[in-house]
């Protein structure tokens with residue numbers, strides 16, 4: 001009897017496998033760290049062979065650990081770090097170069113050159129995206145232009161490109177399927193989110209041969225089956241979505257205007273805008289949330305590049321804390337930051353500013369500043385950056401947010417969640433499974449594709465809020481705090 005959905009969750013720092021039951025509860029999980037490669041300052045890569053090896057190993061480990069027969073797996077879901085991209089040889093399955101990470105800034109010059117030529121407008125109109133090194137297209141172009149023989153082989157039709165989901169599907173099916181879903185395709189800067197097709201003009205702008213492109217399908221859809229040699233049985237791959245999009249679905253943000261914010265290395269806020277895309281005028285991006293039941297759902301998104309990375313920085317580089325728990329303890333030991341603000345723009349600024357040249361800034365230091373003030377300012381920076389995104393989102397959508405669902409590694413910090421509610425002046429809701437929400441969304445997509453869950457109403461039965469936070473400060477105090485943050489941003493830009 002098929003009792004579980006198995007999810008492959010390939011993230012920026014680890015590869016993970018999770019088993020979910022029909023109630024959306026986690027039966028078990030297994031994970032392995034993935035090691036980023038930093039060839040030069042501002043560059044970031046992954047070894048794609050190691051990515052696949054780590055993802056496959058945690059899958060077999062999990063099944064063995066809980067003594068789960070593959071016969072009990074109804075479907076496999078995939079969720080992945082978005083924009084990170086690689087190119088491989090279709091004939092051998094061997095990558096021609098490492099996967100270039102979404103955080104990598106090596107293509108700043110390519111982006112600037114294309115912007116100078118005036119391509120930013122048409123790219124925004126067709127893809128909903130800002131012409132920035134963050135997205136996949138400039139990374140693919142870089143590989144074709146800089147890896148010896150790559151462009152020639154691509155023009156001969158011998159190379160394929162894909163985001164992490166495509167790479168996993170290729171390996172799970174032993175090269176039988178080269179596919180992606182709408183949500184991941186919409187992050188490449190090559191996919192027209194209105195026609196739902198790869199766009200010829202965009203391919204021409206970035207000089208990428210059409211033969212490299214994966215087939216695109218809905219997020220909930222049987223993409224194919226795993227090769228029987230892997231698990232001893234063919235298992236349907238029923239769900240695929242980028243991690244932030246999957247998180248929105250896992251939060252059951254099915255209604256127009258529903259929003260979530262994920263607190264990880266970066267912060268990613270998405271708002272469901274229904275079946276029509278909203279063209280942002282406030283520095284956000286328009287993206288495809290998911291494809292389901294013959295329809296496409298769109299979203300507004302604010303992507304903050306460096307959020308929790310600021311906390312990692314004070315832990316790993318400055319050695320101020322030993323753990324996330326330490327950070328919260330220090331923050332609560334003082335009443336405020338004593339007017340210290342910190343902007344962690346280590347890799348430029350994302351939404352809503354989109355300034356790749358911005359650098360990190362600390363303002364307000366005095367002789368009375370303590371370590372505790374600085375640590376608190378770093379934590380508060382996550383909430384302030386999310387404030388900037390949410391205000392832009394409200395202006396674009398015309399919707400004033402009453403509550404915000406949260407998830408991700410740093411959402412366990414209750415001080416941060418309370419401060420977020422204070423600054424936004426809205427309810428913050430922390431659901432169950434906050435560390436596996438993206439995985440849960442992928443499980444829902446995979447389960448819906450094979451009838452494990454009948455429909456979205458069936459899924460809503462699994463909903464549950466673990467903790468709520470409500471604003472505890474007045475408008476006057478909120479205004480003073482936000483004005484200080486705005487001054488810090490001015491110094492950054």
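Start at 1 and count along the chain as shown; that gives each residue its number.
Placed from the backbone N, Cα and C atoms, the Cβ positions cover glycine too.
Feature annotations, courtesy of Swiss-Prot:
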BINDING   12, 82, 83, 134, 243  sn-glycerol 3-phosphate binding site
BINDING   12, 13, 265, 308, 312  ATP binding site
BINDING   12, 16, 265, 308, 413  ADP binding site
BINDING   82, 83, 134, 243, 244  glycerol binding site
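Everything Swiss-Prot records as a feature, shown here on the structure.
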residue : record                               : DSSP (3 states)
12      : sn-glycerol 3-phosphate binding site : coil
82      : sn-glycerol 3-phosphate binding site : coil
134     : sn-glycerol 3-phosphate binding site : coil
243     : sn-glycerol 3-phosphate binding site : helix
265     : ATP binding site                     : coil
413     : ADP binding site                     : coil
Practice item. Out of 13, 83, 134, 312, point to the one nearest residue 244 (glycerol binding site) in space (Cα versus Cα); all of them are binding-site residues in the record. Key: 83
Revision key, fill the gap. Note: among binding-site residues 13, 244, 312, 413, least Cβ-dense neighbourhood at 10 Å is 13
**Study point:** Spatial neighbour of residue 134 (sn-glycerol 3-phosphate binding site) that is closest, considering only the binding-site residues 16, 312, 413 and their CA atoms
**Key:** 312
**Study point:** Site diameter for sn-glycerol 3-phosphate, Å, by largest Cα distance between 12, 82, 83, 134, 243
**Key:** 15
Check your understanding: Of all the Cα pairs drawn from 82, 83, 134, 243, 244, the residues the record ties to glycerol, which distance is largest, in Å?
Key -> 15
Point to revise | Residues that sit under 8 angstroms from residue 82 (sn-glycerol 3-phosphate binding site) by C-beta distance, when 6+ apart in the chain | key: 102, 163, 183, 184, 187, 242, 243, 244, 245
Check your understanding: So for residue 308 (ATP binding site), how many other CB atoms are inside 10 Å of its CB?
Key -> 26
Check your understanding: Out of 83, 243, which has the highest number of nearby Cβ atoms, where nearby means within 10 Å of its Cβ, if these are the binding-site residues?
Key -> 243
Review point. Across all chains shown, how many C-beta atoms besides its own are within 10 angstroms of the C-beta of residue 134 (sn-glycerol 3-phosphate binding site)?
Key: 29
Revision key, fill the gap. Out of 12, 265, the listed binding-site residues, fewest other Cβ atoms within 10 Å surround the Cβ of 12
Study note, to complete from the structure: The number of other Cβ atoms within 10 Å of the Cβ of residue 16 (ADP binding site), counted over all protein chains shown, is 24
Practice item. Tell me, in order along the sequence, which binding-site residues from 12, 16, 83, 413 have their CA within 10 Å of residue 312 (ATP binding site). Key: none
Check your understanding: Roughly how many angstrom lie between the C-alpha atoms of residue 16 (ADP binding site) and residue 308 (ATP binding site)?
Key -> 20
Check your understanding: Between residue 265 (ATP binding site) and residue 12 (sn-glycerol 3-phosphate binding site), what C-alpha distance do you get in Å?
Key -> 9
